[in-house]
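Everything below concerns the one structure shown next.
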């Protein structure tokens, strides 16, 4: 993830949040320690090997949450280990000592981290992260990011376009995750809540929301199908082969057999031990009778509480199947029309058919065939990657927005009069300028 996208910071903060939630809710286990501790150590070392990240893996504030939870996890693991070795009285003394040392260590780490980030005007956070945490930050301090359309907040129609009917299934999936709440379901709820917030800040982060929405909607559909099919199962007529026999149909036969068996067991115990009274054995036999007699009935009663009429169940199943089919059709249409249009080749439809505009590809081909290999090309940053890949020429700025000052310099040249633009482009050693215009 670090190699592919700067959004890896979302993952290395989401997982510590989930680990901390498990610790606070009393769900700590050795599995949690084995899963998280190597992730922090090995993940940080591997992230530091990526040139763009480097020492930022241990110096920027985006990574500090994982380190703090790493320390807390070790303190909790030490407490549980000591608890298994000592008596309750000694454990209280040791607990006080461990908590004192642990808090002192946490405070020391927090003080060191605070000292590291105090000198930074953004407190160690990158501009990308601050623009996510504070939706107004980009428009105030990094207008180049705020000017991009995919960095704008989404509208409600864009949510319906992207996830369609899943928007209505997600609340049911959240409710299902709490029945009962487990480590996995708590992670899903936490993932959904955080991704909903971030997708509401930038429309491009709908990509982060999509997996959580799909998983929770799948859980909701599974629970719905489970209820409907179980309802139809209990409404089926009972065949003659499954009817009980005459001996089994008497209400007291099973309980009588159980009472007889338990009485025999009580008599055997009385003969062997010689200490159990008749009253106690009769009480015990009655309790065993109640337990044995009620065990096959209770699950059935609980299942029958959620039984719907067979007609309603059949209609519900058909409705869900139609809903899934319509969703598949919508996804195929959206993938073909909205998400598969290349930005190199433009198309338009009119009364006389489909028109294809191949100007971008032809311009890049002209640059590749008619310019020197060492020539530099200036273009707006949206077209930097395309020029590099298709024309094989060096560009001044590209779609990577790490150096906002450089992008601003090219923007100044393109918005200046010819004399000022000429001076800026000469200082950048530019031979060609890519101009995009409408006609």
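Using the three backbone atoms N, Cα and C, a Cβ is placed for every residue, glycine included.
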Segment assigned the feature region 'Disordered' in TrEMBL (from 123-180, 181-238, 239-296) = 239-296
In TrEMBL, of the candidate ranges 6-26, 342-362, the one given as transmembrane segment runs 6-26
Contact count check, CB pairs under 8 angstroms to the transmembrane segment (159-179), set 33-58, 64-82, 314-336; argmax is 314-336
What else in the chain is close to the transmembrane segment (314-336), if you only count residues 6 or more beyond its ends and a Cβ gap under 8 Å?
-> 161-162, 164-166, 221, 224-225, 228-229, 232, 308
